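Below is one structure, written out as structure tokens, with a few remarks after it.
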Amino acid sequence: MIKKIRDCLSDIKDPDLKEHYSQLVFTLLEKGYFPGLAGVPVAKSGISHIDGEKGILTYRGYPVQELAEHCSYEDVAFLLLNGDLPLRNEKNILQKQFLVHRDVDRDIAKAVIAMPEELHPMYMLSASVLQLQANDNLCFTVDNYNQNLFRAIRLVAKLPTIIGISRTRDAEFAADKEFDSYAQYCLYCFNQDLADDEEWVDIFEKLLILHADHTMNNSTFSVRAVGSSKASIYASVASAINSLSGPLHGGANERVLKMLQEIGSPDKVESYIGSVLAKGEKIMGIGHRVYKTYDPRALFTKNKILPRIFAEDNPLDIDDELGDLYKTAQKMERVVLDVLSGKKLYPNVDFWSGLVMKALGIEPHYFTTVFVLGRIMGWSAHWVEHMEVKNRIFRPNQLYDGFNDRHILVEPEEEIASTD
Ligand SMILES: CC(=O)SCCNC(=O)CCNC(=O)[C@H](O)C(C)(C)COP(=O)(O)OP(=O)(O)OC[C@H]1O[C@@H](n2cnc3c(N)ncnc32)[C@H](O)[C@@H]1OP(=O)(O)O
Ligand SMILES: O=C([O-])CC(=O)C(=O)O
């Protein structure tokens, strides 16, 4: 067997792949399992690709920066779902579909309003996505590609509405309003004042595109794992939203802003980082399972989006508090690069995005729902793709380290009777 493994490894020509599989074999032999499934391929997919050493992310072969620079949300959604960028009329149709299908049923709107205001928006959202199933009584019929695509489009369309209703506590918050694009509608759901300003809509749209897909991350894995049981798109996406809420995943964006506020000013950054590291804790917005260099989305946000917001001569209205948070983040980035880049720890997508969302007037506890509006493109594409593959239910194994056989001690009946 060992010889067979050695032969298989020596047959691999690509040196990176060879190193990767050798590492997997080593981990399995050393530990007996794969902690965090690190590096373990669980599916084949043509949707996105990452080169973590070089800091490259592509959607269907296109670099994410080019898509963010030149494309609309509709272009990228079409690309992820269908495999190619749309022709003009295909894009127009998708844009219309997103806007036409945005309304949610009155009962669902009522249910959203009835949820406690203290409920975190991510859990409000996952609970509401499950309710969308009520309008799709064929949801367990998942083998029709066109029907699945249509389901995905309807779901993408309705997410911002749920968020808008939850924020405003008003089912009619966008009634009779016309929108030019999905991104504009989404921004309206968070901030009605900025949604008429093309500059802010463009910034918001770029943020959504940067978040659209990211290979087999924790939430996309959830979509695939739940979907592999042939559960509905609603069940799969609800589980992905729950996964994304975690502080080690998308929930980090909300916490980065809190962290910057807690630090208070650039001169306190070093002592903050020192004390977090001394306690063995993680710095939010830093580190990544796959990137061993600067995350390209974080770089794009830092170099292409934030300067538009914070430029000295910019026409955008930014308050002093936000300007100070930006300076603290800039200092933090410098210190992190100094202290942690040796360990290949760099800012990830969540490090800078909160500053953009704050500038967009979005409340921090809603930050991760913005991430959802981007990532829903990828989740839906993965769900649709998964329904097309020769599926095997996800069912990994475990290393059992519990008790050996134990048995219930049953006392003989006479003894029980005599003690009564
Ligand atoms: C959208 C996204 O999901 S992007 C990620 C968002 N999450 C965050 O920003 C939270 C902070 N970061 C983290 O918790 C991690 O870096 C993760 C979850 C992103 C990746 O985790 P893993 O790949 O499992 O890395 P792991 O936790 O094993 O860390 C490897 C080493 O780097 C250190 N490390 C990793 N992230 C950080 C961090 N943010 N701050 C300080 N040290 C860190 C670990 O302590 C560990 O050090 P050690 O080898 O000396 O023990
Ligand atoms: O890929 C990951 O592990 C986390 C993620 O979703 C992202 O960075 O966008």
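Placement of Cβ uses the backbone N, Cα and C atoms for every residue, glycine included.
Remember, TrEMBL labels are computer predictions, not curated facts.
Feature annotations, courtesy of TrEMBL:
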| type | residues | note |
| --- | --- | --- |
| ACT_SITE | His288 | active site |
| ACT_SITE | Asp350 | active site |
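Secondary structure from DSSP puts Asp350 (active site) in a helix. With respect to their backbone Cα atoms, Asp350 (active site) and His288 (active site) stand 10 Å from each other. Taking the Cβ of His288 (active site) as reference, residues of its chain lying under 8 Å away and at least six apart in sequence are, in sequence order, Gly52, Asp295, Tyr346, Asn348. All chains included, 29 other C-beta atoms sit within 10 angstroms of the C-beta of Asp350 (active site). The DSSP secondary structure for His288 (active site) is coil.
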